[in-house]
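See structure below.
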């Protein structure tokens, strides 16, 4: 079947083929970092896939082999969030996290290269993850004056354990694909040249199963962490307040100035 471009998006590519849709974050010039428009386009693509009864599985990926996504574009971050094209502050990635989490069809992350910061959290929100051998995963928030105290930390702790989640967040270390596999952040590690074909095979295997059974199973598996949705909303507000603080701004400025942040004056 011919691959069909559904929308004329700017920041993403969206294709449908053989009951599978793929949403590709396409900002390779910034390692697929997202801005508010990027997130709005991804959300629109998810809505389209949800309403299209011919689609049974969604794949989320990044353009090229250098990066899946490195989180929010720090160059457009303000004191209260990320600036959209109308000059408004936004943290709409939190809405995207909820959409992926509750999406009635399986969502597969196809990770090549860097998946760090908010990009790693998007990977984590997907139901399953296939990573290529060159994948690098980790968190970066505390280095740049940011954090995710919702799904990004609470759900992470549920997946990889409290100690390991604290390690990721407190140190901002980065981990290769095999280390991420051992932690439980990815399900499979494959050669980079096999990544696309493996993702299609996995999606096809899922399509051969009962869609209603899988939908119910996803809801049941999510139920264990349902309380985290309220925590995520509260955490979103606290993140915006933190961006306004001197400490949050120091991390952001240090990133833009390509220097190490000096958080020593904020120790108490």
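Yeah, the Cβs are placed from backbone N, Cα and C, and that goes for glycine too.
Remember, predicted model here, so these are calculated numbers, not experimental data.
Per Swiss-Prot, the features are:
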- 30, 31, 70, 71, 72, 73, 74, 114, 115, 116, 117, 118, 140, 146: substrate binding site (BINDING)
- 139, 140, 141: hydrogencarbonate binding site (BINDING)
- 148: site 'Important for catalysis' (SITE)
- 243: site 'Important for catalysis' (SITE)
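Sequence features annotated in Swiss-Prot and their locations in the structure.
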| residue | record | Cβ contacts under 8 Å, 6 or more apart |
| --- | --- | --- |
| 30 | substrate binding site | 70, 73, 75 |
| 74 | substrate binding site | 33, 144, 252, 255, 256 |
| 115 | substrate binding site | 62, 67, 68, 69, 70, 109, 122, 123, 131, 135, 136, 137 |
| 117 | substrate binding site | 70, 71, 72, 139, 140, 141, 144, 146 |
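Take the binding-site residues 70, 72, 140: by the count of other Cβ atoms within 10 Å of each Cβ, the lowest one is 140. The number of other Cβ atoms within 10 Å of the Cβ belonging to residue 139 (hydrogencarbonate binding site), over all protein chains shown, comes to 28.
DSSP classifies residue 148 (site 'Important for catalysis') as coil under the three-state reduction.
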